[in-house]
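> Sequence annotations record features per position, and here TrEMBL assigns active site, proton acceptor to TYR22. What TrEMBL lists as active site, proton donor is HIS97. TrEMBL lists ASN71, HIS77, ASP84, ILE98, SER99, ARG108 with the feature substrate binding site. TrEMBL lists ARG17 with the feature site 'Transition state stabilizer'.
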Amino acid sequence: MKISIINGPNLNLVGVREPEIYGHRSLSEYLDNLVGLYPGVDFDLFQSNHEGAIIDEIQRVGFDHDGIVLNAGAYTHYSIAIADALRAVTAPAIEVHISDTQAREPYRHVSMIKEACVAVIAGYGLDSYRRAVDCLLEMKNTAKP
Ligand SMILES: O=C1C[C@@](O)(C(=O)O)C[C@@H](O)[C@@H]1O
């Protein structure tokens, strides 16, 4: 089982950035701990502040991995190109957010990528990532042979 966790712009600053929204724990520290909880899963962790680099990564892993956990950050709200990349590949993707985007500014209520994803998990803090991994594992276990 191979899962790719892809993070978009400014997520490298979680822990420092707006802690009242995103918390005080660094995302890289959280994810390093998360991967240790799933010894049977082969994880790829990727973060970029650049749209094209995120698309390149989706294309790189998207035909080979069993699932993608994607927090596209602000690109979520306007990147048709990332949505198209998700539609182009075969791996199912889960859209993830640390904050509850539906409870924030109206421009964050829009997701260009949600229709290219099998699920959206938002508002559970960093635990949104674990829930997304569990969701992919459950989907894999219940998939028809
Ligand atoms: O950068 C981010 C982080 C975010 O994706 C989240 O994880 O809550 C929500 C986005 O609206 C925002 O631009």
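Every residue gets a Cβ built from N, Cα and C, even glycine.
Here the structure is a predicted model, which means the values were calculated and not measured.
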> Filter the candidate list ARG17, ASN71, ASP84, HIS97, ILE98 of recorded positions, keeping only entries whose CB is under 6 Å from an atom of ligand 1.
ASN71, HIS97, ILE98
> Once the chains shown are all counted, how many other Cβ atoms turn up within 10 Å of the Cβ of ASP84 (substrate binding site)?
14
> With H, G and I counted as helix, E and B as strand and the rest as coil, say where DSSP puts ILE98 (substrate binding site).
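Going by the DSSP assignment, ILE98 (substrate binding site) belongs to neither helix nor strand, so it counts as coil.
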> What same-chain residues, at least 6 away in sequence, bring their CB to under 8 Å of the CB of ILE98 (substrate binding site)?
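Residues satisfying the criterion: VAL14, ILE21, TYR22, GLY23, ASN71, ALA122, TYR124, GLY125, LEU126, SER128.
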> State the three-class DSSP label for ASP84 (substrate binding site), counting H, G and I as helix, E and B as strand, and everything else as coil.
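It is helical.
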> With DSSP assignments reduced to helix, strand and coil, which class does the residue listed as 'active site, proton acceptor' get?
helix
